[in-house]
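Per Swiss-Prot, the feature Mg(2+) binding site maps to 490, 496. Here Swiss-Prot flags 557-619 as domain 'KH', drawing on sequence analysis. Annotation source Swiss-Prot lists domain 'S1 motif' at 629-699.
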């Protein structure tokens with residue numbers, strides 16, 4: 001007999017979330033089925049009993065998968081089964097991973113796998129906002145050491161009011177879309193996009209989300225009590241030698257502090273200097289001793305290096321590269337560097353550099369999104385590439401990783417709101433990171449702004465981005481907020497807070513916090529300091545290019561749009577696409593047509609004005625209504641014994657009878673001298689009311705000969 005344990009969370013708006021354990025996947029270390037409405041997510045967690053020898057990090061793997069059957073759909077493709085993870089699934093994985101990872105004990109190194117699967121969906125509630133809660137609940141009912149519980153919610157602002165976990169329909173009306181993850185006491189992760197909101201609005205949204213999360217966390221703690229999983233497993237994944245730890249600190253700390261305070265701006269030289277201190281310490285040991293103690297020395301020295309860097313900032317206000325806490329690295333920009341793309345830019349900030357290109361395309365270039373719960377076409381794309389050479393690493397370049405998808409998505413959210421809604425082009429921005437020493441995603445935002453303006457894209461406003469950091473020791477009042485952080489400051493610091501925006505407000509943000517007890521006062525200081533940094537960077541961008549170019553590059557496609565009555569869509573496409581394909585072959589233009597808002601919307605793209613004008617002329621001819629008495633220049637399409645058929649408007653043929661070719665009597669059609677392809681001026685005499693056939697005449701346009709008198 002199965003006796004599952006169920007915990008119900010009552011939400012302020014009347015909706016409920018249930019957490020059920022003990023019914024499914026009982027061999028996993030922890031499993032929970034979360035249900036909200038008809039949306040159901042199963043989260044399972046499994047951890048190895050021991051760590052792989054030599055592992056000194058947290059080998060956590062989070063997977064999120066949506067079943068097409070959850071929404072009563074078949075997957076696409078020939079195999080008709082789910083394939084590799086979509087971008088949306090990868091982004092959801094990252095949201096959960098970033099919320100969970102900081103809460104595992106520092107000395108816990110066993111492999112942990114968290115799997116979240118969407119088994120049912122109703123198209124109303126958004127499952128990505130529930131995945132974090134499901135994963136945390138699975139960890140809560142397991143014996144895996146974890147410093148949670150946490151929960152994750154989406155907060156949207158709709159008509160000035162904050163809504164927690166809005167529906168798909170509600171989110172479309174929001175001017176703020178923010179995902180927040182937190183424990184009962186502390187915010188851990190924030191990510192979202194917004195329509196140029198203030199720093200105070202962002203903080204208010206985070207506070208509203210945290211209040212909702214507290215309810216979720218309390219329910220999980222009660223679930224742990226009911227399940228009996230409050231006591232976690234014992235483990236020993238690190239061996240320590242306190243005498244060796246003390247020896248490393250005494251021998252190396254002062255030297256490491258001196259390097260941290262030296263202000264060397266070259267990260268490789270600085271790292272070599274740090275490494276030399278450790279290597280010098282190791283010289284006192286034999287090879288046999290280093291085989292036993294080498295890994296411990298490396299770990300203890302890493303702690304020394306971290307402490308030296310942090311104390312130097314807190315005590316002297318001096319950063320690794322010599323900057324003050326609010327100082328931005330030197331910036332230089334260039335636009336139009338690449339002649340081939342339709343727009344390009346280089347943005348360099350210190351040792352971080354992005355080379356970004358822009359390509360303009362037509363509707364045919366749109367990205368087709370076919371996720372389980374979301375099907376649409378995307379006209380603004382941004383791709384981020386992080387090759388190994390950007391950090392001087394000697395390794396092969398593999399496919400696109402989760403990090404690249406996540407960084408690209410953040411930059412995409414930062415910029416997309418500044419592309420006008422009716423902009424006719426499909427736009428692809430590609431950022432290739434040439435050098436990296438911190439905040440390469442923010443360099444992508446800045447380079448993307450420059451490249452878009454260089455391409456002549458009608459951006460509403462330029463956008464800049466900055467990454468903020470924090471140094472704060474537990475139990476110590478003193479702290480330092482850092483502007484424009486280095487890679488080492490991200491790694492050794494307590495916060496990575498990325499903020500993008502225009503002069504009028506924030507457009508996107510991403511925050512990861514590794515420290516407990518971070519107050520909203522500190523977050524507000526970080527946001528206001530970020531605003532100053534963003535404005536400084538914006539000034540540098542607009543010095544390089546003040547506004548979008550007035551015209552596109554000569555080799556960029558030109559697009560014209562026109563609307564037609566929807567009943568003419570079929571006439572323009574033709575049977576099997578014959579007419580539209582023929583127009584494209586004849587003119588060299590690319591033509592797309594679709595029905596929107598009760599009319600046919602046509603986009604005509606070409607590399608020059610002539611091909612677009614030619615296509616528009618043909619289309620106007622097709623949709624033109626033939627009028628009796630009008631004169632047209634037509635083309636002979638076929639020759640018959642009794643006359644010729646003339647196409648006097650695109651797709652409209654009429655009979656020019658042999659008797660209507662000339663005033664004089666013609667015995668045979670050959671006497672007229674007409675052949676296929678000849679142009680001839682005709683007048684529309686009549687339209688048969690029953691058949692719709694057109695009767696044409698050429699002779700009425702000729703002078704009528706005078707009648708000769710009979711002798």
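Just so you know, the numbers here start at 1 and follow the chain as drawn.
Glycine is treated like the rest: Cβ placed from N, Cα and C.
Quantities reported herein were computed from a predicted structural model and do not represent experimental measurements.
Averaged over the domain 'KH' (557-619), the predicted model has a pLDDT of 90. Compared over the binding-site residues 490, 496, the count of CB atoms lying within 10 A of a residue's CB peaks at 496. Secondary structure of the domain 'KH' (557-619) per DSSP (helix as H, G, I; strand as E, B; remaining residues coil): 32 helix, 23 strand, 8 coil.
Each residue of the domain 'S1 motif' (629-699) gets a DSSP state, and the totals for helix, strand and coil are 8 helix, 36 strand, 27 coil.
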